[in-house]
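Enquirer: The structure is given below, and queries will be raised subsequently.
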Amino acid sequence: MPMQGAQRKLLGSLNSTPTATSNLGLAANHTGAPCLEVSIPDGLFLSLGLVSLVENMLVVAAIAKNRNLHSPMYCFICCLALSDLLVSGSNMLETAVVVLLEAGALATRASVVQQLHNTIDVLTYSSMLCSLCFVGAIAVDRYISIFYALRYHSIMTLPRVQRVIAAIWVASVTSSTLFITYYEHVVALLCLVVFLTMLVLMAVLYVHMLARACQHAQGITRLHKRQPPAHQGFGLRGAATLTILLGIFFLCWGPFFLHLTLVVFCPQHLTCSCIFKNFKVFLTLIICNTIIDPLIYAFRSQELCRTLKEVLLCSW
């Protein structure tokens with residue numbers, strides 16, 4: 001499976017092996033070749049997962065509470081938060097099980113651990129696919145709201161958005177279940193294709209939106225006979241925002257999909273084996289992305305922040 005390291009870690013913990021690395025990483029050790037391996041403490045990983053879990057739960061609760069936020073855009077943001085919640089939750093669950101197995105606090109059979117591993121894999125990959133798809137859906141929604149403003153409410157109707165959301169969830173869960181059960185490497189290629197598609201989609205749409213915004217700002221500048229630097233400053237700020245948005249997406253997701261690509265194309269190569277040993281680092285970056293997503297897409301909304309305060313006050 002693409003997550004060979006995680007599976008070996010679960011089964012290795014069950015059998016009380018001294019180390020919990022992937023079989024690819026062990027092969028690299030036998031060669032004696034030096035590998036750069038970054039260790040992520042379980043406590044840090046679980047702490048980041050908990051922050052992501054709480055943060056995204058608050059986003060879902062705030063959107064569910066306020067009927068004014070039941071618009072197409074916030075539906076996509078809510079689903080993004082829910083999928084990010086599942087990404088962090090599934091990885092936290094696996095890490096917690098490994099810790100309990102290693103501590104001897106959880107006794108179970110290898111077959112049960114294998115079933116648990118497959119279940120976590122399905123949950124992880126389906127939620128990752130959903131997260132990627134909903135990031136792309138938000139980009140499309142923003143694009144339509146800008147370039148088809150007069151037709152937006154006729155294009156992005158709530159029933160149509162609900163069908164899109166249902167299709168994304170069903171397709172992600174179904175494909176992850178089938179591919180992880182029957183075709184081990186296909187799920188890696190599927191995730192890679194979705195990642196590259198969403199990256200290109202976001203880049204094209206946001207660059208087009210930035211270019212149109214710069215043209216609009218330039219038109220206003222000419223209309224009011226202002227100096228060009230004002231327009232240039234707007235363009236630089238927009239370019240910086242776009243760079244940060246795409247950069248965070250690529251830096252957080254890119255290493256994980258590099259891992260999946262190498263698992264498919266060079267599973268036994270020495271250099272690839274060294275990269276596989278840092279699989280937990282790549283998962284940690286994805287968890288960091290699930291923490292950043294609400295800051296980018298949700299908490300910039302004043303309406304949502306007000307509702308979030310109400311949710312927090314009610315919880316006390």
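From the backbone N, Cα and C atoms, a Cβ is placed for every residue, glycine too.
So Swiss-Prot says this about it:
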- ASN29: N-linked glycosylation site (CARBOHYD)
- CYS314: S-palmitoyl cysteine (LIPID)
- 1-37: topological domain 'Extracellular' (TOPO_DOM)
- 64-72: topological domain 'Cytoplasmic' (TOPO_DOM)
- 94-118: topological domain 'Extracellular' (TOPO_DOM)
- 141-163: topological domain 'Cytoplasmic' (TOPO_DOM)
- 184-191: topological domain 'Extracellular' (TOPO_DOM)
- 211-239: topological domain 'Cytoplasmic' (TOPO_DOM)
- 266-278: topological domain 'Extracellular' (TOPO_DOM)
- 300-316: topological domain 'Cytoplasmic' (TOPO_DOM)
- 38-63: transmembrane segment (TRANSMEM)
- 73-93: transmembrane segment (TRANSMEM)
- 119-140: transmembrane segment (TRANSMEM)
- 164-183: transmembrane segment (TRANSMEM)
- 192-210: transmembrane segment (TRANSMEM)
- 240-265: transmembrane segment (TRANSMEM)
- 279-299: transmembrane segment (TRANSMEM)
Enquirer: Looking at the transmembrane segment (279-299) and the transmembrane segment (192-210), are there 3+ C-beta pairs under 8 A, with each pair at least 6 apart in sequence?
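Expert: These two segments do not touch.
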Enquirer: Excluding the flanking five residues on each side, which residues at least 6 beyond the ends of the transmembrane segment (73-93) place their CB within less than 8 Å of a CB in that stretch?
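Expert: Contacts with the transmembrane segment (73-93): 45-46, 48-50, 52-53, 56-57, 59-60, 63-64, 120, 123-124, 126-128, 130-131, 134-135, 137-138, 141-142, 145, 158, 161-162, 165, 168-169, 283, 286-287, 289-290, 293-294, 297-298, 301, 304.
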Enquirer: Are there residues at least six beyond either end of the topological domain 'Extracellular' (184-191) with Cβ under 8 Å to its Cβ atoms? List them, or say none.
Expert: 1-2, 125, 128-129, 132, 175-176, 257, 260-261, 263-264
Enquirer: What does the DSSP secondary structure composition of the topological domain 'Cytoplasmic' (141-163) look like, as residue counts for helix, strand and coil?
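Expert: DSSP composition of the topological domain 'Cytoplasmic' (141-163): 20 helix, 0 strand, 3 coil.
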Enquirer: Validating a neighbour-count step here. Other CB atoms within 10 A of the CB of the residue listed as 'S-palmitoyl cysteine': how many?
Expert: 9
Enquirer: Which whole-number mean pLDDT does the model give the topological domain 'Extracellular' (184-191)?
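Expert: Residues in the topological domain 'Extracellular' (184-191) carry a mean pLDDT of 73 in this prediction.
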Enquirer: Mind tallying the topological domain 'Cytoplasmic' (64-72) by DSSP state, helix then strand then coil?
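Expert: Output for the topological domain 'Cytoplasmic' (64-72) reads 6 helix, 0 strand, 3 coil.
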